[in-house]
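Copied from TrEMBL, the annotated features are:
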type	residues	note
TRANSMEM	52-70	transmembrane segment
TRANSMEM	76-94	transmembrane segment
TRANSMEM	141-162	transmembrane segment
TRANSMEM	168-187	transmembrane segment
REGION	209-232	region 'Disordered'
COMPBIAS	217-232	compositional bias 'Basic and acidic residues'
Amino acid sequence: AAGAAGGARLSRALRADGLPPQALVDDTEDVSLDFGSEEELALRKARIRHPLATFFHLFFRVSAIVTYLFCDWFSNSFVACFVTILLLLSFDFWSVKNVTGRLLVGLRWWNQIDEDGKSHWMFEAKRAPTIAASTEAEARIFWLGLIICPVIWTMFFFSTLFSLKLKWLALIIAGISLQTANLYGYIHCKLGGQKTISRVTSRLFGSADVPKRQSRRISEDGTEEHGKTGTR
């Protein structure tokens, strides 16, 4: 009885202090704390983790554009300017396709020839994020450089046509082709290849056909009901 009275007094004292009896928890209980997601988010928002790859992702393509704009200041030889810009565009194509895309955004595309001699385009993307994944700043720099530079070369194409500087036309077409090829390949990698694009388009066209199918069904049901009432 004395023990029961002591327990009742203890519970009353706890309730008077505003602490319910359920608030007393054993200190030896293990509590799992998940810091993995927070650490991964902090790493993704951190500064650039691949500075060399980020630098060369922009260096060759920006250098090609600058050389094209100011080549007359450096040399009067058209052949030297042509070869220099073409080499910069080639280095940019190789580095973006084989190095910077894999390091900065975890994407890769390539062409593979099978035993029958048929060419197959392969598109690969990392599914599970890892600690060595790219940061948001690197991904933003990668996609901005990949999209803006082909747009600039397209502007050069129209300006060349309007100014009748046709000797640069072949070089500009080469620049558009090389940089658009990388853009096309990485968009396929991002979307999951041709299968994903076909699925998306089929879904879009399928959703667009739904109202037509419903209207057809309603009209068919109406004609059937009308036919049944007429036979009666």
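Yeah, the Cβs are placed from backbone N, Cα and C, and that goes for glycine too.
Note: TrEMBL annotation is automatic and uncurated.
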Highest-contact recorded stretch vs the transmembrane segment (168-187), from 52-70, 76-94, 141-162, CB pairs under 8 Å: 141-162
Positions whose Cβ lies under 8 angstroms from the transmembrane segment (76-94), at least six residues beyond its ends: 60-61, 63-64, 67-68, 167, 171, 174-175, 178-179, 181-182
